[in-house]
Amino acid sequence: MEDKNKTIKETLQGAADAGKRKKLIIKKKGDENSAPSSASPKKETIAESAPVKPLTPLPSRGDSGQSPIVRPAPSASKEVKYEESSRKQDSGQSGSRPLRDKDSQVRPSGDSSYPVSRSPFQKEDSNIIVSRPTQRPVRPNPGGSYQGNRGPGQGGGYQGNRGPGQGGGYQGNRGPGQGGGYQGNRGPGQQTGPGNRFGGSGPGNRSGGPGGRPMPITSAEVELSQARGSTGASKKKGHDKEKTSSDKRDFSGAENTKFFKQRFKKTKVVGVSGVSVPKEITVLENVQVGELAKKMNLKPGDVIGKLMKMGMMVTINNIIDAETAALLADEYGCKVKVVSLYEETIIEEEKDNEGDYINRPPVVTIMGHVDHGKTKLLDTIRRSSVIDTESGGITQHIGAYQVKTARGLITFLDTPGHEAFTSMRARGAKVTDIVILVVAADDGVMPQTLEAISHAKAAEVPIIVAINKIDLPTANPDKIMQELANHGLQSEEWGGQTMYVKISARENIGIDKLLEVILLQAEVMDLKANPKRRAKGTIIEAKLDPGRGSVATVLIQNGTLRVGDPFVAGVFSGRVRAMYNDLGQLIEEAGPAFPAQVTGIDGVPDAGAPFDAMADEKEARNISQHRIEFEKIGNAGAAAGTTSKVTLENMNEYIKLGALKELKVIIKADVRGSAEAIKESLEKLSTPEVKLNVIQSGAGAIVDMDVMLASASNALIIGFHVRANPKTIALAEKEQVQIKYYNIIYQVVDEIKLAMEGLLEPEKIEEVIGTAEIREIFKVSKIGNIAGCMVTSGKIQKSANVRVISDGVTKFDGKLKSLKRVKDDVNDVVSGFECGIQVDGYNDFKVGDTIEAYNVTVIKRKLE
């Protein structure tokens, strides 16, 4: 026992002597640059780069029957250098693993029975680090310092209590040659650092840095690398110190995935309501910016911004064309389907069964001069057909009413003269079947009488003349008949076609006869309608009633309107809530030629607007919306390919389209004599091909009624020494009516004459310049047949028209394709010479046929 203890003491003493000769100083990591302090004692710590397996305490004899194992200290004769530089070089370049005790055993004698093992990655010139002494000296007072109290062979404090050969605390439990804790478990030859990271650099196992080498790549890391867009490949040594921000977060963990997904969702293009842009939208030829944004589920500001980038400065109310809308929608991956706005406003006509037609009452309008008794005549006719006890007599005015006679019903329009009549006609409404022209027997024909005649003739409506006030002593009916005959209204008594009735509205004379004449004229006209179809009519007048809302008087022209029917009135839609007749009584339905007051309209329509009952309320709203858009765009005058009224410049186009059969003119002059002279001069220009019709002439300034008449009749206005005021000019621009001003009569005639001459078909004169006889036919592949000809008269020109004549019958009429003399192309061949002729579009030549060349001269025609 004493010998063995002596041996241990000698071993420890030998190690102490060796340390005196070359003292080993190992500094803590991070204290390499710090100066040693004299106040605190120097401490020897274990180098992190070379962990050594601690030796177990020597057992006593009583613990085991075996002899204790004694490991001799290194030989004192061989000096071993322990330098920090060797550790750095080995750690930074070779990447070697820590040496274990069994790899560094050396006999005391220094022989090589226990060779020192090298790291497979160690360079040949590196210093070999051997293991430390097999036994740590036991401190007499264990514990203290930052490591805490510890017993023999144990560490405390931040490292925790460790059993033999184990490390605790933040490093965790480690097996032999392993590191634990936040650094993770490491195999042999691994460097310490913040855990094992593959593909990194610096401390720990990161490739490309000091002391690093690639770690095995797991499947989870490969998937994460692919998701991040990283290759996961290791970089070369010394080239990864400068890293981008994207490289630093390549493998920062999957906890950021949710954050990036949220960021991505916020950048998705969505609409105002969170709905994505549709794949296809339908727009009209012109669309408002705000409406386009609504259709695409986008904010108006986004659409305006896109248009500004396209070079268009617009606002939400501006209108763009369909092509621009398509380009903008394409930026969002949306297709645009363009539809015609005008077609969307048209209501399809319902098919009628001819067997359902029945006779309908006539619709009559009363016209005439202001003081000739129009209103009195209307009141007399109405009171004669209304019983006083029936709803208190006449209680309201609705603009139209029906009267009962012994022979049938008659509908009268109670409108303020021909002004309303013309206004409705200007909007395209044709509601009147017969016009009653009232003329006072004691006054004669007045200017308003002539205007009423012009309006009635322009509407192509038959006229019945009612000579009123025959009860007065100064009445002269024959004088009235003579004056009206001079204006084209010749009485049947005098061999004409106009019916005259002598009445007295105040004395109720001749009223029944007037009603009979009206019904007789209606029978001649054979007026019919179909009551079994949906209602179709015209708005006579409309107003806003404080108690009932929008109220409109509708004249049903075809079909039957019932309570509850959806409808479209002009640009507004609605559903019939209630209907009233001219007596104010509630009714359930209204048939053809029946005037009714209708409630339930979304707005107040214009007089003369069309009224159509619909099968579906949704369809009615859609048509109403399209008509409102159509009106906003400014195409309200467009209809069936014609978007403007006739002018002197576009008359030729109207003639070709068949939309104009005659030129209608309104003449206004400073004096009546000038107006009559211009009228007579222009009427002489009328021809069977182009007719000129002066629908009205008179003295005075051009007023609004002249413009409305021209608009309704599609006529132009000629002003001679007179002009229109600014208000009338604005109305003419709105109605697209042309006004021409002149100061000399022959200027009027010459300009109208030139315009009408342009409408005449030019005269064509044909001149035969030569003939050729076909004597032989040559067939050439890929070219066709060539006619070998002899010019028999005149000359054949290449630029001339030709016709092929066979047995006196023209087989073909066209142009020459080529003309050759021998093999040369020539422009003409005269009589007596042979030539080769190829006709464009014709190959069926026969020997003996004749080719005739001719020219056509166009001569412009003039009015005589």
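Placed from the backbone N, Cα and C atoms, the Cβ positions cover glycine too.
Listed in Swiss-Prot for this protein:
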BINDING   368-375, 414-418, 468-471  GTP binding site
COMPBIAS  78-90  compositional bias 'Basic and acidic residues'
COMPBIAS  106-120  compositional bias 'Polar residues'
COMPBIAS  150-212  compositional bias 'Gly residues'
COMPBIAS  239-252  compositional bias 'Basic and acidic residues'
DOMAIN    359-528  domain 'tr-type G'
REGION    1-252  region 'Disordered'
REGION    368-375  region 'G1'
REGION    393-397  region 'G2'
REGION    414-417  region 'G3'
REGION    468-471  region 'G4'
Remote residues contacting the region 'G4' (468-471) - C-beta distance under 8 A, at least 6 residues beyond either end: 372-373, 377, 438-442, 477, 502-507, 509-510
Residue distribution over DSSP helix, strand and coil in the region 'G1' (368-375): 2 helix, 1 strand, 5 coil
Binding-site residues compared (Gly368, Asp371, Lys374, Ile470) - the one with the fewest other Cβ atoms within 10 Å: Asp371
Three-state secondary structure, Ile470 (GTP binding site) (per DSSP): coil
Mean of pLDDT values spanning the region 'G2' (393-397): 47
